[in-house]
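Engineer: Please find one structure pasted underneath; my questions will follow.
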Amino acid sequence: MATIEGTFVNSSSLRVAIVIARFNDLITNKLLSGCMDCLSRHGIDVSESSNQLDIAWVPGSFELPIISQKLARNGNYDVVITLGAVIRGDTPHFDVVVSEASKGIATVSRETGVPIIFGVLTTDTMQQALERAGIKNNLGWSYALQALEMGSLMKAVN
């Protein structure tokens, strides 16, 4: 029986795209910072001149799937990380955005065969979002680790 796992040992050959929502950018910028820190510490060049990392900005979390799909289909990336923050309000808009973003991101991953990391915070309050984006810990770091593991695992499986 073979055990196949992704590793974090040598991530320097991975090409990563990050698709990030501008809406709630107080939160998404913090997630991006945590993500970039993790990628950098694991051998990904995050400099402005990097050929390993590209970042695409979209208006909100609802738009994450379409740009993730475009990037995944072009064959330039081993993994795509999506970053967004949807905070519950007084209307059902939250439920629609979260549902469509999550289904869309999962569909893109299945249809393209490229791991798409779901890095969208879904919280009831701004305080909860802030706690997940840096006050207590930064889930951007975790999303980057997931990306590195999945990128490595996909190479191991192929």
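A Cβ is built for glycine as well, from the same backbone N, Cα and C atoms used for every other residue.
Pasting the relevant annotations from Swiss-Prot:
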- PHE23, SER61, PHE62, GLU63, ALA85, VAL86, ILE87, PHE118: 5-amino-6-(D-ribitylamino)uracil binding site (BINDING)
- ASP90, THR91, ARG132: (2S)-2-hydroxy-3-oxobutyl phosphate binding site (BINDING)
- HIS93: active site, proton donor (ACT_SITE)
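I would like each feature placed in context: is it buried or exposed, what are its neighbours, and how far apart are things?
Structural biologist: Non-local contacts of PHE118 (5-amino-6-(D-ribitylamino)uracil binding site) by the CB criterion (under 8 A, 6+ apart in sequence, same chain) comprise THR82, SER102, ILE105, ALA106. In the three-state DSSP scheme, PHE118 (5-amino-6-(D-ribitylamino)uracil binding site) is classed as strand.
For THR91 ((2S)-2-hydroxy-3-oxobutyl phosphate binding site), no same-chain residue lying six or more positions away in sequence has a CB closer than 8 A to its CB.
Other Cβ atoms within 10 Å of the Cβ of HIS93 (active site, proton donor), summed over all protein chains shown, number 12.
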Engineer: So, three-state DSSP: helix, strand or coil for PHE23 (5-amino-6-(D-ribitylamino)uracil binding site)?
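Structural biologist: The residue in question, PHE23 (5-amino-6-(D-ribitylamino)uracil binding site), is coil (DSSP, three-state).
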Engineer: CA-CA, which of the binding-site residues PHE23, ALA85, VAL86, ARG132 lies nearest HIS93 (active site, proton donor)?
Structural biologist: VAL86
Engineer: Have a look at the binding-site residues (ALA85, ILE87) and report the one with the fewest Cβ neighbours inside 10 Å.
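Structural biologist: Among the binding-site residues ALA85, ILE87, the lowest count of other Cβ atoms within 10 Å belongs to ILE87.
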Engineer: For a quick check of understanding: given the listed 5-amino-6-(D-ribitylamino)uracil-binding residues PHE23, SER61, PHE62, GLU63, ALA85, VAL86, ILE87, PHE118, what is the maximum Cα-Cα distance in angstrom, as an integer?
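Structural biologist: Among the residues the record ties to 5-amino-6-(D-ribitylamino)uracil, max Cα distance equals 16 Å.
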